[in-house]
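K.L.:
Dropping a structure here in structure tokens format, bear with me for questions.
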Amino acid sequence: MSLFSLIFQSDTYLCMAFPVPTRQDAYIVDFIPLASMDTVHHMLLFGCQTPVSTNSFCVQGTCEDEAAIMYAWARNAPPTKLPKDVGFKVGRSSGMSYFVLQIHYGDISAFKGEQPFIAGIYLLMSVDTVILPGQRVTDADVACDYTSYPIYPFAFRTHTHRLGKVVSGYRIRDGKWTLIGRQSPQLPQAFYPANKQVTVKYGDTLAARCVFTGEGKTSKTYIGGTSDDEMCNFYIMYYMESRHAIPYMNCMEMGSEELFQHIPPEANVPINVSPSHMNSVMHLGQSTGTATSNIVHQVSAWPQSSLQLGQVSGLALDSDSNLVIFHRGDHHWGADSFNNQARYQQRSLGPIQQSAILVVDPSKGSILKASGRNMFFLPHGITADKENNYWVTDVALHQVSFSSDGKDKTLMALGEAFIPGSDNNHFCQPTDVAVDTESGNIFVSDGYCNARIIKFSADGKYLSEWGSSDRRRRIPFHIPHSLVLLPDKKEICVADRENGRIQCFIAETGEFVKEIKKDEFGGEVFAISYNGLIFAVNGESLSRPVPIRGFVIDYSTKDILDTFSPNKKEFKMPHDIAETRDGSVFVGDASSKSVYKFTTEKLHHSVKKAGIEVQELEGKAVGSLNLGNFFPSHKGYSRQGFDQLSTEGSDQERNDEDSSDSENEEYSALPPPQSSS
């Protein structure tokens with residue numbers, strides 16, 4: 001409900017009356033002034049039963065009845081906190097049903113004159129794309145260097161005709177692509193909220209890609225103004241300081257092939273829209289289900305011959321893109337494997353005599369190399385560095401060890417064999433290891449009985465650790481089970497298994513960045529990997545039963561883009577996941593002692609991953625943009641006139657198949673102003 005109404009008397013005096021937001025008795029114990037003496041001279045807060053007015057000027061004072069002064073403020077005074085167990089009584093039986101706040105301004109210049117910000121439109125538009133008949137994918141790429149004053153995008157809109165599958169817009173700065181907005185042009189073509197983190201300044205590049213299909217067409221399709229032609233438009237609605245305001249800018253330059261080799265994979269994947277989704281709208285950063293298109297499929301004839309595996313605990317890729325499998329041979333982790341001090345109870349079995357590390361051809365599944373005989377007791381996680389050395393964890397040994405490619409010898413070990421601990425020199429059932437290829441730093445998730453991430457230098461020297469996550473929530477790890485480095489973001493992400501979440505941190509400092517937690521995970525996330533998008537697998541949860549499957553997740557929006565599972569069998573305990581550069585995905589299942597291969601639907605050379613999610617709305621497929629939320633805080637700036645911009649009634653493309661009406665309004669919307677010369 002609305003808590004206050006604004007009542008103006010003059011340019012230097014403001015009165016606000018608002019009801020006490022409860023029908024019960026309540027108490028005020030703090031006064032926190034949100035004002036500065038640069039603008040406000042002083043403020044007075046009154047309590048009363050009946051204000052002079054709640055919908056007109058408070059010319060005759062503050063209250064109809066006797067006004068009780070509750071608080072006064074001036075000259076940047078600090079907040080006032082009442083003593084413990086002391087409060088001003090307001091509400092039902094107090095005689096105070098309304099608050100009335102008087103604000104006396106010392107400087108009113110901020111409230112006069114024009115708006116400090118002016119809105120505008122930047123249009124990226126392809127003019128020379130030709131869509132060949134029958135061709136599955138045609139890209140229309142547009143890019144221009146930005147050479148004006150800073151702009152702040154707050155909304156975006158996409159537009160094509162019937163052949164468009166997805167349109168994406170980006171800002172490129174120092175080689176890094178940052179999403180402004182992405183959507184299917186077959187959904188309602190209103191303006192939707194842009195990525196709030198994006199600003200555009202001199203020297204940046206603005207780029208857009210439209211993905212078309214020529215399937216079902218018998219002749220070439222050109223860019224043009226009728227419904228038989230196509231269009232590729234990406235609109236950016238922005239604001240900029242009024243003194244530099246430019247109400248319209250456009251870009252019609254074809255993007256270079258070299259530049260667009262680096263476009264994020266998400267831009268290449270069509271968003272399938274069913275008829276029921278024509279009243280749907282995409283929301284950045286929100287997810288209510290799984291994707292509408294399945295683009296990850298199992299390769300059923302892999303491997304071509306049996307690999308004779310034990311419990312599969314870890315997967316990795318070496319520098320040659322071969323699959324590396326870490327398995328337990330004839331050893332099993334069972335109820336009797338450890339005592340209640342986490343000490344391994346089956347040392348008498350000796351180490352695993354089989355080769356615990358197998359290097360496998362990813363295309364056929366044939367074994368290329370084998371190593372790791374008589375080295376491990378209960379293998380868990382594995383990673384391969386750029387020299388094809390293997391870094392592994394063994395939960396029975398409580399160690400992280402390092403060995404050379406194809407050798408049955410440990411070259412370095414961290415931790416004391418068979419001795420669990422929680423100090424800098426011991427682990428307790430460590431689960432996974434990740435190696436930074438640039439710095440050589442080693443990250444260890446430790447583990448089943450320690451809830452921490454430990455960072456070591458390349459030579460094994462302890463550097464730091466962290467075990468608590470987002471400070472706002474302070475929920476510690478509960479079995480940090482899998483690690484992956486994000487080289488392009490300088491981050492490390494953790495599959496926090498029993499908390500059912502993925503958490504990401506700055507690799508250098510351990511500072512929390514973000515959390516991805518979905519109902520679809522069911523409270524368990526066993527493993528993650530990264531190759532532009534996040535791949536993950538969940539596990540069985542007794543408290544929240546959900547399907548056990550793999551997930552493709554957009555790091556930026558946290559959306560689940562796709563899910564996948566075997567065609568005939570079901571996952572039992574998917575324990576690790578890895579994917580190759582060509583889009584093959586491998587899942588190791590500890591319970592079924594097998595490795596599954598999946599492939600992503602590859603549209604062309606740069607497509608590796610999944611689609612995007614849409615959220616279906618009840619009723620109108622419209623939303624509203626609260627422009628006040630998009631503006632940075634500037635001293636004395638008024639936001640009057642920018643409170644709400646409704647997208648209801650925005651233009652949508654006609655669905656009349658026989659229409660031949662011109663759609664030139666797409667070209668002529670907000671034309672450039674006439675030159676003053």
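Just so you know, glycine gets a Cβ as well, placed from its N, Cα and C.
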K.L.:
Pick from Cys15, Cys48: which one does TrEMBL say forms the disulfide with Cys63?
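P.N.:
In TrEMBL, Cys63 forms its disulfide bond with Cys48.
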K.L.:
Can you tell which of Cys144, Cys210, Cys232 TrEMBL lists as bonded to Cys251 through a disulfide?
P.N.:
Cys144
K.L.:
Taking only the recorded positions Cys48, Cys144, His159, which one has a CA atom nearest to the CA atom of Cys232 (disulfide bond)?
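P.N.:
In terms of Cα distance, Cys232 (disulfide bond) lies closest to His159.
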K.L.:
Where Cys48 (disulfide bond) and His42 (Cu(2+) binding site) are concerned, what is their Cα separation in Å, rounded?
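P.N.:
Approximately 20 Å lies between the Cα of Cys48 (disulfide bond) and that of His42 (Cu(2+) binding site).
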K.L.:
Out of Cys15, Cys63, Cys144, Cys210, which of these disulfide-bonded residues is nearest Met231 (Cu(2+) binding site) by C-alpha distance?
P.N.:
Cys210
K.L.:
Using a 10 Å cut-off between Cα atoms, which of these disulfide-bonded residues sit near His159 (Cu(2+) binding site): Cys15, Cys63, Cys144, Cys251?
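P.N.:
For His159 (Cu(2+) binding site), the disulfide-bonded residues whose Cα atoms are within 10 Å come to none.
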K.L.:
Among the recorded positions His104, Cys144, Cys210, Cys251, which ones place their C-alpha within 10 angstroms of the C-alpha of Cys15 (disulfide bond)?
P.N.:
His104
K.L.:
Within its own chain, what residues at least 6 apart in sequence put their Cβ under 8 Å from the Cβ of His42 (Cu(2+) binding site), listed in sequence order?
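P.N.:
The answer is Ala72, Trp73, Ala74, Arg75, His104.
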